[in-house]
């Protein structure tokens, strides 16, 4: 068989491109958490970026303003929330003497009380004198490494978000112009983009809204009730209520119902049954303002419409368990990409171009009804896609 130099050249270039793609994927994998957070931050600040368009500002200036006006305050609020939770958790541990309980349990298990304390003291003193300088050096090195890593990742986060705002529309237009002869990729983009915007950002907003409402409600409740029926650690419980809102219907109840039951039990045990009226007020206030209103009204306004609620719930549970904290964002993104691929891309893969345009959705072949997006006009395949920012 005669060797085709053109085919060989194309194959060689293809292997080079594949190698570069794999190398880029390896680099991205090292910063996958930052990339995922950048996608989340992008969908968070994009509405502000588009709103500033009415003032006639350049795209780059709008991107900078959007990040400064929303992104930086959001990160500060997130850090503040984490700090409050840490402080409340520390107070909780100190209040119930959890640290000493764990320590005593360890002493009993390993029988540390039987050790010769004088021998231990001499050993520790000798080792401490010899290694104090090295210990300080390694401590400073570790602290500098952590600070440097945080600064680098924060810089990458801001840069990625900025260029997604500035050059994202051009990248989308390039993909559609060069790779989308049939209009199927455009339809896929049109499905995925709003779903990511509503689900990824909307559910996380619901977490923060619920947490803020919970903190305000619990603190306000404590102002007007006797000390015996005050909610313990209101900031921590408010944050837990926000996290619990990721589980529809029952998540928030898993936070305030045990607290209310505990308050009622404490009141009854103390013989102050008239105070049960305040516990009843707590159930009503928490059920209405912390549970019902955020879970049913706010979620309905800011959650996605196409992704199955149960699958989304599983993604929020499985994500952090498999990937860590950033899995809370990554797995829902993968779920949305996969779900819309099944609805939009799979029929095209199975039936190809001969399938009529109105039958490129699974529900058109039987199944639950679902609103279809406008079908792209593919009559002019050379038309340049419209760039939106």
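Please read every residue number as a count from 1 along the shown chain.
Heads up, the Cβ atoms here are built off N, Cα and C, so glycines get one too.
If you look up TrEMBL, you'll see 361-372 marked as compositional bias 'Basic and acidic residues'.
The compositional bias 'Polar residues' annotation in TrEMBL covers 378-389.
TrEMBL lists 361-389 with the feature region 'Disordered'.
The transmembrane segment annotation in TrEMBL covers 12-43 (among others).
The transmembrane segment annotation in TrEMBL covers 64-87 (among others).
The transmembrane segment annotation in TrEMBL covers 132-165 (among others).
The transmembrane segment annotation in TrEMBL covers 204-224 (among others). Using a Cβ-Cβ cut-off under 8 Å and counting only residues 6 or more beyond its ends in the same chain, the transmembrane segment (204-224) has close neighbours at 40, 77, 81, 230-231, 234-235, 237-239, 241-246, 252, 255, 281-282, 285-286, 289-290, 293-295, 298-299, 302-303, 329.
Annotation source TrEMBL lists transmembrane segment at 236-268 (among others). Sequence-remote contacts of a segment are chain residues at least 6 beyond its ends whose Cβ falls under 8 Å from one of its Cβ atoms, and for the transmembrane segment (236-268) they are 81, 84-85, 88-89, 92, 203, 206-218, 228-229, 275-276, 279, 282-283, 286-287, 290-291, 294-295, 299, 309, 313, 316-317.
For 275-293 (among others), the entry in TrEMBL reads transmembrane segment. Proximity of distant same-chain residues to the transmembrane segment (275-293), defined by a Cβ-Cβ separation under 8 Å and at least 6 residues beyond the stretch ends, is recorded for 210, 213-214, 217-218, 221, 225-226, 228-229, 231, 241, 252-253, 256-257, 259-260, 263-264, 267-268.
For 313-338 (among others), the entry in TrEMBL reads transmembrane segment.
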Practice task
Report, as numbers and ranges, every residue of the chain located at least six residues beyond the transmembrane segment (132-165) whose Cβ falls under 8 Å of a Cβ in that stretch; write 'none' if there are none.
Solution key: 31, 33-35, 37-39, 41-42, 45-46, 49, 59, 62-64, 66-67, 71, 389
